[in-house]
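As recorded in TrEMBL, the features of this protein are as follows:
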- B:GLY111, B:VAL112, B:ILE113, B:GLY114, B:ASP115, B:THR135, B:THR136, B:LYS148, B:LYS157: NAD(+) binding site (BINDING)
- B:GLU190, B:HIS252, B:HIS271: Zn(2+) binding site (BINDING)
- B:73-185: domain '3-dehydroquinate synthase N-terminal' (DOMAIN)
- B:187-336: domain '3-dehydroquinate synthase C-terminal' (DOMAIN)
2 protein chains.
Amino acid sequence: MEHESPRTVRIALGSRSYDILVGPGLIAGAGREIARRLPGARAAIVTDETVAGLHLPALLASLGAAGLEATPIVLPAGERTKSFEQLVALVDRLLELRLERGDAVIALGGGVIGDLAGFAAGIVKRGMRFVQVPTTLLAQVDSSVGGKTGINSPRGKNLVGVFHQPDLVIADTSVLDTLAPREFAAGYAEMVKYGLIDRPDFFAWLEENRPAIFAGGAQRAEAVAQCCRAKAVVVEEDEREDGRRALLNLGHTFGHALEAGVAYDPARLVHGEGVAIGMALAHRFSARLGLCPPEDAARAAAHLEAAGLPTRIGQIPGAGFTCEALMGKIAQDKKVKRGRLTFILTRGIGQSFVSDDVDPAKVEAFLKDEIDAR
Amino acid sequence: MEHESPRTVRIALGSRSYDILVGPGLIAGAGREIARRLPGARAAIVTDETVAGLHLPALLASLGAAGLEATPIVLPAGERTKSFEQLVALVDRLLELRLERGDAVIALGGGVIGDLAGFAAGIVKRGMRFVQVPTTLLAQVDSSVGGKTGINSPRGKNLVGVFHQPDLVIADTSVLDTLAPREFAAGYAEMVKYGLIDRPDFFAWLEENRPAIFAGGAQRAEAVAQCCRAKAVVVEEDEREDGRRALLNLGHTFGHALEAGVAYDPARLVHGEGVAIGMALAHRFSARLGLCPPEDAARAAAHLEAAGLPTRIGQIPGAGFTCEALMGKIAQDKKVKRGRLTFILTRGIGQSFVSDDVDPAKVEAFLKDEIDAR
Ligand SMILES: NC(=O)c1ccc[n+]([C@@H]2O[C@H](COP(=O)([O-])OP(=O)(O)OC[C@H]3O[C@@H](n4cnc5c(N)ncnc54)[C@H](O)[C@@H]3O)[C@@H](O)[C@H]2O)c1
Ligand SMILES: NC(=O)c1ccc[n+]([C@@H]2O[C@H](COP(=O)([O-])OP(=O)(O)OC[C@H]3O[C@@H](n4cnc5c(N)ncnc54)[C@H](O)[C@@H]3O)[C@@H](O)[C@H]2O)c1
Ligand SMILES: [Zn+2]
Ligand SMILES: [Zn+2]
């Protein structure tokens, strides 16, 4: 499963098709790749304070060498940046720079920067060109692929946004070397997700190659490219998330409820950790319903644990969760229809499916036992 | 050219296709038409204070009769409502109502309400269903067709928005009876525009039928339907405004400069009046360049004047315009490329074309004479 880098993953969406370039050290050639695809464009680089200190100089140098005029816009790091206030300020900056529809917004950062900058690019002049340079593992394997952009509202996460496909994604796997180990592991949970959804061979390959991926070898780039391809297949089938794309939410109904339960405090739980616990729960719940062999649920959890990820509600530091509170969050979730819950369940490793007919009482009983198991 | 109403104009955009229903008294059946297309949907009606007083009760009654649950959201009337502040507040109201992607935002009002509500519908949950019930002539023949939505920025008009096609447009030509005569005439300028762009027969038909259209006869519905069809053809060819759709800007480069010149004070100039002067200028400028017969320029102006519209810069009340100021606004306009201006010029009635090679010096000399002609 090893190739020479950079690997190119093509997202085939008709006139909105684009390439994802994956490999170590790609930022050095980013200017050339962007200039080739958007000749004559000017650019604004949107990034956060942490990433700016680490990787902005290299990107600026690369754009400069390619003759691309680019202005950096540096925002605070963290989920709170995905707000209407920051959106309005960013849009104003882009307009102040007099950028046109053919000019580019370049997002250099994690999912927060990608989601905010992509939304701004989607609405300035009703749609500017957009380039993603994802710098977290989560952003490389998940948020930068598929065109979902947006911000949070005081009423909930990701409630406002647009579908706006990028013109190019450059996933430089070397920049992940500066990522906090906890953030790397969180992104790894999303990697594991692709295996658990419908790629049992990829899951087995991850079991073998996890240490190399964490260490940064060629396997890391290979793994990122495999995940982009996996997500691409789903996005190509269902660009606007009306059906099959729901499978990508494996582990997320439980995960979101847990994140909300800690009031999105990243000191207690980051998104990927919530997803790791959520996927373990989805497998154990499926086992309890008699759908999934218990050995497969144990195998999924064991792999996540080996990667340093939590798999039990009781591992979340701080005050305990009540079953009522979690069920309330789950019911609030958008995946509820006429009193039955929509859940991603599984018949085993790599055999997930969407069920829109899950009995809330069974979820509640299951969660009660899981909380007590702490 | 007369039919029985309602007339249906189909906008063919693949999976985003929709109908425009045109005719007198259609609001009475609006609930049934919406419920038929969006079964089970809930709705929010976005409107302004003026329109709410005149036409909201009828729409609410019609929705109620069709069993459609709808909540009105009433905003201040006027162009200032197309702001980020109002957008954020509207989005919050829609989220507070817990509307889902399958639920509908119904815009009941002129272009201001349609543009703002359409933008909100385009970004809440990354795209809700959207129904336009345009209540100004301008909105019926122009802004409600084509899916352009958006708001103004302190840096300029319509700079932020999305393309978001409606699921249905209901143009009830009776509601125009309550419109201020000046607003009706302003919308009529956009009607004339379709004739001047590429429909000489329609222009001649308008010359015949103008009094009947103003009076509200069957000709009014016929004229609205013809204009929707004319815009539909252009939108179908060029949904995202990359090419041919530019023709719809006939009269608008001059018009926008004039609007900006009065600081968008509607007491001095409303949009359609700016367009009327702009179209007269575009024809006279084309005549001066030897492109258009002077008789055609005179004929275009005479028809606009007969409709009570201005056709000369000197007719705008208040302080005078300087040539420098107007040229500055024109150069700021987005239709500028490498020192040459992009303009819609014409070879005669119904023979407009896009020129991206207009010499600014010639425009300046022309405008100087036009201003002095006051
Ligand atoms: N659009 C989508 O399809 C999609 C999918 C999944 C998640 N998301 C969104 O993505 C966001 C989470 O993304 P994230 O986990 O990347 O968060 P993030 O962008 O906040 O990044 C996490 C932290 O890592 C720092 N960082 C980023 N790159 C770094 C690097 N190379 N070295 C050192 N530090 C670095 C950031 O400054 C930040 O503090 C959430 O808002 C979530 O809703 C979107
Ligand atoms: N989206 C597009 O493609 C597009 C195209 C052209 C114009 N526009 C936008 O449309 C806006 C102008 O639209 P407009 O002229 O309809 O303005 P508007 O919405 O402000 O309406 C004009 C006035 O008429 C009142 N009104 C509306 N319907 C009425 C009725 N039936 N009876 C009595 N009063 C009524 C309104 O309260 C308002 O005071 C501008 O913001 C312009 O940018 C958009
Ligand atoms: Zn996730
Ligand atoms: Zn106009």
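We number each residue from 1, going along the chain as drawn.
Here the Cβ of each residue, glycine as well, is placed from N, Cα and C on the backbone.
All TrEMBL annotations are machine predictions without curation.
Here the structure is a predicted model, which means the values were calculated and not measured.
Mapped onto this structure are the features recorded in TrEMBL.
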residue: B:GLY111; record: NAD(+) binding site; DSSP class: helix
residue: B:THR136; record: NAD(+) binding site; DSSP class: coil
residue: B:LYS157; record: NAD(+) binding site; DSSP class: strand
residue: B:GLU190; record: Zn(2+) binding site; DSSP class: helix
residue: B:HIS252; record: Zn(2+) binding site; DSSP class: helix
residue: B:HIS271; record: Zn(2+) binding site; DSSP class: helix
For B:THR136 (NAD(+) binding site), the number of other Cβ atoms found within 10 Å of its own Cβ: 26
Structural state census, the domain '3-dehydroquinate synthase N-terminal' (B:73-185) (DSSP three-state): 47 helix, 31 strand, 35 coil
Residues within 8 Å of the B:GLU190, B:HIS252, B:HIS271 Cβ centre (excluding the Zn(2+) site residues themselves): B:LEU138, B:ASP142, B:ALA189, B:LYS193, B:GLY251, B:GLY255, B:GLY272, B:GLY274, B:VAL275, B:GLY278
From binding-site residues B:ILE113, B:THR136, B:LYS157, the one whose Cα lies nearest B:GLU190 (Zn(2+) binding site): B:THR136
Tertiary neighbours of B:ASP115 (NAD(+) binding site) (same chain, Cβ under 8 Å, six or more apart): B:LYS82, B:SER143, B:LYS148, B:THR149, B:GLY150, B:ILE151, B:ASN158, B:GLY161
Nearest-integer angstrom distance between the alpha carbons (Cα) of B:LYS157 (NAD(+) binding site) and B:HIS252 (Zn(2+) binding site): 13
Residues near B:GLY111 (NAD(+) binding site) in space but at least six apart in sequence (CB under 8 A): B:PRO134, B:THR136, B:LEU138, B:ALA139, B:ASP142, B:SER143, B:SER144
For B:HIS252 (Zn(2+) binding site), the number of other Cβ atoms found within 10 Å of its own Cβ: 23
Nonlocal neighbours by CB distance (under 8 Å) for B:ILE113 (NAD(+) binding site), same chain, sequence gap 6 or more: B:VAL46, B:THR47, B:ASP48, B:VAL51, B:LEU75, B:THR81, B:ALA107
Largest inter-residue Cα distance among B:GLY111, B:VAL112, B:ILE113, B:GLY114, B:ASP115, B:THR135, B:THR136, B:LYS148, B:LYS157 [record-listed NAD(+) binders, Å]: 21
Which of B:LYS157, B:HIS271, the listed binding-site residues, has fewest other Cβ atoms within 10 Å: B:LYS157
Other CB atoms within 10 A, centred on B:GLU190 (Zn(2+) binding site): 27
Rounded mean pLDDT for the residues that make up the domain '3-dehydroquinate synthase N-terminal' (B:73-185): 97
